[in-house]
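Enquirer: What follows is a single structure, and I will ask about it in a moment.
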Protein chains: 2
Amino acid sequence: MRVLGVDPGLTRCGLGVVDGGSGRSVSCVAVDVVRTPVDAELPRRLLQVSEAVDDWLDTHRPDVVAVERVFSQHNVRTVMGTAQVSGVVALCAARRGLPVSFHTPSEVKAAVTGSGRADKAQVTTMVTRLLRLKKAPSPADAADALALAICHLWREPIRARLAEAEARAAELARTHKARLAAAAARRRDDTTGTGLTS
Amino acid sequence: MRVLGVDPGLTRCGLGVVDGGSGRSVSCVAVDVVRTPVDAELPRRLLQVSEAVDDWLDTHRPDVVAVERVFSQHNVRTVMGTAQVSGVVALCAARRGLPVSFHTPSEVKAAVTGSGRADKAQVTTMVTRLLRLKKAPSPADAADALALAICHLWREPIRARLAEAEARAAELARTHKARLAAAAARRRDDTTGTGLTS
């Protein structure tokens, strides 16, 4: 499976393509950062990001796009721009019928470093090691994009298995409920029958 | 001038097209609300909104798109979705080279009711009156979209005049500075001249 990880941002948007192999093996296909000028108007900046993402989707043909889930706890202005970029990225994927998966920063950190509270340097170190890169990806947004893709590759099988187990449990519950209802209906019929003949 | 006003939202996105005539006269061209299913996935919902906006841009050919500026003071989840929709709307406009103008909720309320703290009912009443509609637009998102378009039509000439005045003032300041610099250079040359001949 090939994943395009996106660390959304207006000033710097990290893009990283990672291929998942057997087990936990992962390899880096491409990584870069799209920058848009701070003094440009917002619609223009969003257009530039969307064109870059479209370009990456054309070039690398990922099976899925993994995007960082944005929270609004930080700087309001930055967060709004980041949310807008993540919306535009999700749209680019949806236009091609590609699935989009959102992961929180702590899920990503936990996936690659083992701790949801790891710092940026740790994430970069682990990404460099996991992908056996000769040089640490820079800036941090590039490393984060790769970490997102790895996180998706490793979490997806677990998520899928969980979803399957949940579906199976729901099916069992449904069957059990139907049996109970049938038994209750039989008891009702028996009672009604008794009532009629008495 | 024709304006498409957009009150961004995932569950309900208000769209309203308003034509500006001479003075403050305004007329409603179209108004509606795009709804996307709450249980659908985010990328799918963003795609639906973007398709509706593209459709409206094709049909009504506005000169500009006015979008509500999103703040993150309310419910975090809702705000993120709203920001993502506003990003997608701005992208649709940018793709066609259309200018996008953002207005805060209080700017919009102040434009149509005279008070930045007016409630939803007041905004709806004024929009209905200003556009001489037979029926109040409903839901509130539809009225808000029309209010945004009216706000843009009324604020834009003032904004343009302000920008022009600022540009003129900056030009005057530049000319004045250049004159001062030239005078200083002349004085320096004179002094050097004296120094050489003495």
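Each Cβ is built from the backbone N, Cα and C atoms, and glycine gets one as well.
Feature table excerpt (TrEMBL):
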ACT_SITE  B:D7  active site
ACT_SITE  B:E68  active site
ACT_SITE  B:D141  active site
BINDING   B:D7, B:D141  Mg(2+) 1 binding site
BINDING   B:E68  Mg(2+) 2 binding site
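For each listed feature, how buried is it and what is near it?
Expert: B:D7 (active site) counts 28 other C-beta atoms within 10 Å of its own C-beta, drawing on all protein chains shown.
Taken residue by residue with DSSP, B:E68 (active site) is part of a strand. Annotation for B:E68 (active site): spatial neighbours B:V6, B:D7, B:P8, B:S86, B:F102, B:H103, B:T104, B:P105, B:V108, B:D144, B:L148, criterion Cβ-Cβ under 8 Å with sequence separation of six or more.
B:D141 (active site) carries a helical DSSP state (H, G or I).
Look at B:D7 (active site): DSSP puts it in a strand.
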